[in-house]
Amino acid sequence: MKAPIEVSPLAWLDAVEQQRRAAGLRRSLRPRPPVATELDLASNDYLGLSQHPDVIDGGVAALRMWGAGATGSRLVTGDTELHQQFESELADYVGAASGLLFSSGYAANLGAVVGLSGRGALVVSDAYSHASLVDACRLSRARVVVTPHRDVDAVRAALQDRDEERAVVITESVFSTDGALAPLRELHEVCRRHRALLIVDEAHGLGVRGGGRGLVFEAGLAGAPDVVMTTTLSKALGSQGGAVLGPAAVRAHLIDAARTFIFDTGLAPAAVGAARAALGVLRAEPWRSGAVLRHAGVLAEVCRVREAPQSAVVSVILGDPDVAVAAATACLDGGVRVGCFRPPTVPAGTSRLRLTARASLDDAELEVARRVLTDVLAGLG
């Protein structure tokens with residue numbers, strides 16, 4: 001009989017934490033107060049709708065009518081008229097034939113990619129794809145080819161060389177770390193020529209591009225039979241949850257095949273009600289998407305970013321993770337909260353400040369941002 005192991009099975013965590021600290025990659029949680037005490041340039045509340053009275057009222061009304069939780073999987077007791085109404089309204093807004101709600105954007109990506117690929121298929125994914133798409137590729141059991149960032153020729157080569165009958169190409173419409181736009185028209189043409197499905201994550205495009213309807217709509221691909229969109233309700237719509245939007249056959253298939261739909265509790269009614277109200281505000285106030293881009297331009301100019309931003313995201317690359325953390329801390333000390341992205345979120349050597357513009361920023365707030373960011377960046381030398 002072997003002697004019992006004396007060391008705790010979690011002892012290895014101490015060494016891992018020390019390695020993270022040494023590399024400047026230790027993370028911590030910083031709770032925010034209910035009323036912001038600093039200027040928010042870090043959240044994904046692009047349209048400023050999370051605190052909009054109509055959005056809050058929409059969530060409260062759904063809460064009172066349907067209760068706090070969905071009470072089960074949507075295949076059991078978790079489906080409501082509210083869920084199906086919002087699915088139809090969101091699909092109509094972006095130009096898709098149908099929609100299916102998930103409990104998060106992460107779950108929507110897992111459900112769509114895994115459900116529409118599988119063993120015997122090829123999945124081609126951009127190197128800068130979000131972690132949810134990376135995990136979806138790993139879970140798909142398909143052969144996965146990762147192509148350089150926004151490289152259409154590499155996607156074409158991967159599709160040309162395949163032996164698999166089915167192929168899926170995955171991209172974000174607006175990449176979350178650098179704010180760059182995917183070359184959707186070119187990617188779609190390559191997919192069309194090689195009989196591949198194009199899955200586009202519109203998490204950062206919805207509400208910002210295409211007058212609010214997203215980059216797929218802007219590119220003229222809305223409603224295309226070989227394009228599927230995923231999105232989140234937690235960014236421009238200021239709520240929580242996710243959705244897959246596309247042909248009706250895709251919705252029907254995912255209801256039967258997407259494990260993150262079948263085995264997950266349905267999205268809470270309050271989240272659906274809030275997102276539905278936010279969509280109503282977006283329809284009534286299309287100026288919000290243009291305001292986001294204008295304000296992003298101001299932030300980019302202040303930070304001396306060379307290229308004008310094409311989304312709400314302004315990326316200020318600083319390189320060293322410790323420098324990025326120090327800069328973000330200095331901004332917060334000055335009253336401005338900014339994002340700080342380090343590996344593994346971004347490649348090594350590209351740690352950065354990630355600023356996000358909001359439609360609701362006013363002139364006084366932009367002036368505060370200008371003053372604090374100018375001082376902090378000047379102090380870096």
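Just so it is clear, glycine is given a Cβ too, placed from its N, Cα and C backbone atoms.
The shown structure was predicted, so the numbers you read here are calculated from the model rather than taken from an experiment.
Here Swiss-Prot flags R27, H130, T345 as substrate binding site, drawing on similarity to another entry. Sequence annotations record features per position, and here Swiss-Prot assigns pyridoxal 5'-phosphate binding site to G105, Y106, S176, D201, E202, A203, H204, T232, L233, S234, K235 based on similarity to another entry. The N6-(pyridoxal phosphate)lysine annotation in Swiss-Prot covers K235 and rests on similarity to another entry.
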Entry from the binding-site residues list R27, H204 having the most other CB atoms no farther than 10 A:
H204
CB neighbours of S176 (pyridoxal 5'-phosphate binding site) within 10 A?
24
Fewest Cβ neighbours within 10 Å, where candidates are the binding-site residues G105, H130, L233, T345:
T345
List the other residues in this chain whose Cβ sits within 8 Å of the Cβ centroid of the pyridoxal 5'-phosphate site residues G105, Y106, S176, D201, E202, A203, H204, T232, L233, S234, K235, in sequence order.
N44, L206, T230, T231, G242
I need the nearest neighbour of K235 (pyridoxal 5'-phosphate binding site) among the binding-site residues R27, H130, T345, using C-alpha distances.
H130
When the Cα of E202 (pyridoxal 5'-phosphate binding site) is compared with the Cα of each of the binding-site residues R27, H130, T345, which one is closest?
H130
Distance, H130 (substrate binding site) to H204 (pyridoxal 5'-phosphate binding site) (CA atoms, angstrom):
11
Going by Cα-Cα distance, pick out whichever of the binding-site residues G105, S176, L233 is nearest to T345 (substrate binding site).
S176
